[in-house]
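For 1-16, the entry in TrEMBL reads signal peptide. Per TrEMBL, alpha-D-glucoside binding site is recorded for Tyr106, Lys108, Tyr125, Asp132, Asp314. Per TrEMBL, the feature region 'Disordered' maps to 198-260, 339-406. For 204-248, 345-367, the entry in TrEMBL reads compositional bias 'Basic and acidic residues'. Residues or ranges marked as compositional bias 'Acidic residues' by TrEMBL: 249-258, 368-388, 396-406.
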Amino acid sequence: MRTLAVLFAAFLAVNAKVYFEEGFKDDSWQKTWVQSEHKGVEYGKFVHTAGKFYNDAEADKGLQTSQDARFYALSNKFTPFSNKDDTLVIQFSVKHEQNIDCGGGYLKVFDCSVDQKDLHGETPYLVMFGPDICGPGTKKVHVIFSYKGKNHLINKDIRCKDDVFTHFYTLVVRADNTYEVLIDNEKVESGSLEDDWDFLPPKKIKDPEAKKPEDWDDRATIADPDDTKPEDWDKPEHIPDPDATKPDDWDDEMDGEWEPPMIDNPEYKGEWKPKQIDNPAYKGVWVHPEIDNPEYEEDKSLYLREEVCAVGIDVWQVKSGTIFDNFMITNDLEEAKKVAASVKETQEGEKKVKDAQEAEERKKAEEEAAAEEAAKDDEDEDDEDDADNALPGEATELDDEGHDEL
């Protein structure tokens with residue numbers, strides 16, 4: 001058994017492939033990533049930086065959106081591959097250090113037909129994956145697949161991270177038509193491609209020939225036929241206020257006949273209804289019988305992307321500042337997890353630097369406030385000294401304040 005396990009591990013190692021990886025460690029990204037020049041759109045500029053707070057000033061560098069209220073479109077082509085009979089892993093990191101209010105943080109994967117210079121929001125893609133935030137109502141992870149020319153959104157709600165620190169997003173698509181979504185190496189969703197997307201028509205449909213029998217009684221309870229309304233039931237809903245009296249200044253000729261105001265009747269019982277009893281003829285809820293859908297046809301290749309060739313960032317952001325980094329496309333989930341395992345150390349470093357910066361800012365603000373208060377006190381003391389040193393009958397600035405010259 002040990003020998004088999006070693007051989008299997010060796011087989012996986014040989015067949016493990018990293019098709020694309022980008023960590024933006026230096027300026028060489030400028031030679032491989034292409035900025036869109038789609039007509040009619042003023043695209044925002046990406047800058048190469050680790051941001052305001054980080055764990056490692058060099059290792060944590062990525063591409064950051066730098067201009068508010070802009071579209072961003074940047075892409076990178078690589079050697080095309082197919083995930084036929086194989087696992088597809090798409091992973092990257094996102095850091096919304098600007099505390100984003102509305103904007104995308106997702107990536108798109110394309111085939112080789114993509115025109116990088118003309119990349120825009122309507123450009124066809126294979127996969128769209130990653131976080132999207134807009135106000136308190138939209139904080140989701142998009143998982144969208146293109147299938148037969150149509151984009152299909154996942155039927156589940158996956159919540160994204162909405163803080164200001166780095167997070168890794170990982171999508172795993174397997175050849176058995178199953179998937180997983182991980183955030184920071186923790187599984188947040190999984191299931192079947194067929195069940196969780198509307199790629200295919202339903203397997204079953206309601207039988208169009210079936211109809212509920214006319215004598216089918218689906219009322220669980222009915223009114224008691226022997227129940228009768230009590231003789232003293234009917235009372236008016238409102239009655240004249242017995243404690244009201246006509247005002248002394250009321251003039252019947254001028255004001256008309258006085259009538260007391262109406263109040264709720266404490267004896268009013270509402271509309272009478274007979275009590276409900278179990279329906280002896282009740283047959284239960286009628287269930288419409290289903291039949292096999294003649295339009296349904298199983299597709300065992302829902303997972304398949306025949307030509308994976310490019311990855312891109314194509315987003316809109318109201319408030320800029322998002323850093324994209326650590327792109328990886330592979331068939332090796334364990335390799336992707338090794339890269340994402342650094343996230344906890346990165347987050348701890350970011351929090352440490354951010355806390356120190358905020359502490360320094362508070363200290364500076366307190367010192368400035370104290371300096372302003374001290375300057376104000378000195379000014380008040382100088383005014384008092386001027387008043388004390390003035391000769392008898394000599395006017396001071398304090399005396400002159402608020403008086404017009406004669």
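Along the chain as shown, residues are numbered 1 onward.
Cβ from N, Cα, C; glycine included.
A Cβ within 8 Å of the Cβ centre of Tyr106, Lys108, Tyr125, Asp132, Asp314, the residues given for alpha-D-glucoside, is found for these other residues of the same chain: Gly104, Leu107, Met128, Phe129, Gly130, His142, Ile144, Gly312, Ile313, Val315. Looking only at the binding-site residues Asp132, Asp314, the densest Cβ neighbourhood within 10 Å occurs at Asp314.
Residues listed for alpha-D-glucoside, Tyr106, Lys108, Tyr125, Asp132, Asp314, cover a largest CA to CA span of 17 Å. Neighbour list (Tyr125 (alpha-D-glucoside binding site), Cβ cut-off 8 Å, at least 6 residues apart, same chain): Lys108, Val109, Phe110, Val114, Ser146, Asn151, Gly312. Its Cβ placed at the centre, Tyr106 (alpha-D-glucoside binding site) has 23 other Cβ atoms within 10 Å. For the compositional bias 'Basic and acidic residues' (345-367), the DSSP-based tally of helix, strand and coil residues reads 23 helix, 0 strand, 0 coil.
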